[in-house]
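Student: Reproduced below are the annotations present in TrEMBL:
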- His14, His29, His31: Zn(2+) binding site (BINDING)
- Cys25: active site, proton acceptor (ACT_SITE)
- His69: active site, charge relay system (ACT_SITE)
- Glu107: active site, charge relay system (ACT_SITE)
Amino acid sequence: MYKISKQFAFSASHILEGLSEDHPCSRLHGHNYIITVHLKSETLNEVGFVKDYRELSIIKEYIDNTLDHRHLNDVFSVNPTAENIARELYTIFVKEIPQIYAVEVCETPKTSAIYEA
Ligand SMILES: Nc1nc2c(c(=O)[nH]1)N=C([C@H](O)[C@H](O)COP(=O)(O)OP(=O)(O)OP(=O)(O)O)CN2
Ligand SMILES: [Zn+2]
């Protein structure tokens, strides 16, 4: 099995619902998000790629147009936790790029949430 990944970055704000009032994440705040998209394939194409990294530009377009410098509570119909964002993005991206098997969302350099199909 071959596995590749590519990272994308965006900045956005959010408020997490359902937390106690004294939880800092219940207040408006922002992150410099890093999204890692993971792809896998049992075979390579004629060039030797799972998929050309450059063909992942549709993900960058989606992130730039839909997520960057947005308030994520306005973008997603679910609470914008890292876990929920990872699953939502997986569901959107896999329709265009079926080799995607997981999406990882990092809100800080120390935290990571992965949704894997
Ligand atoms: N399982 C999850 N836990 C938390 C999420 C999440 O999406 N999933 N989100 C948050 C906050 O939005 C934000 O990520 C803050 O996280 P935290 O680790 O508390 O960030 P800090 O930089 O403040 O952490 P330090 O420990 O002070 O470095 C919270 N939890
Ligand atoms: Zn947060």
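For all residues, glycine too, the Cβ spot is worked out from N, Cα and C.
Nobody curates TrEMBL annotations by hand; they come from automatic prediction.
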Student: Using an 8 Å cut-off from the Cβ centroid of His14, His29, His31, can you name the remaining same-chain residues around the Zn(2+) site, in sequence order?
Tutor: Ala12, Ser13, Ile15, Cys25, Leu28, Gly30, Leu72, Glu107
Student: Give the three-state DSSP assignment (helix, strand or coil) for His29 (Zn(2+) binding site).
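Tutor: SS state of His29 (Zn(2+) binding site) = strand.
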Student: How many Å lie between the Cα of His31 (Zn(2+) binding site) and the Cα of His69 (active site, charge relay system)?
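Tutor: About 10 Å separate the Cα atoms of these two residues.
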Student: Give the distance between the Cα atoms of Glu107 (active site, charge relay system) and His14 (Zn(2+) binding site), rounded to the nearest whole Å.
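Tutor: The Cα atom of Glu107 (active site, charge relay system) is 11 Å away from the Cα atom of His14 (Zn(2+) binding site).
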Student: Can you tell which of His14, His29, His31, His69 has the most other C-beta atoms within 10 Å, given these are the recorded positions?
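Tutor: Sorting the candidates by Cβ neighbours within 10 Å, the top entry is His14.
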Student: As a check: which entries in Cys25, His29, Glu107, the recorded positions, place their Cβ less than 6 Å from an atom of ligand 1?
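Tutor: The recorded positions passing the 6 Å Cβ test are Cys25, Glu107.
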Student: For Cys25 (active site, proton acceptor), which residues of its chain lie six or more apart in sequence with Cβ-Cβ distance below 8 Å?
Tutor: Ile15, Leu16, Leu19
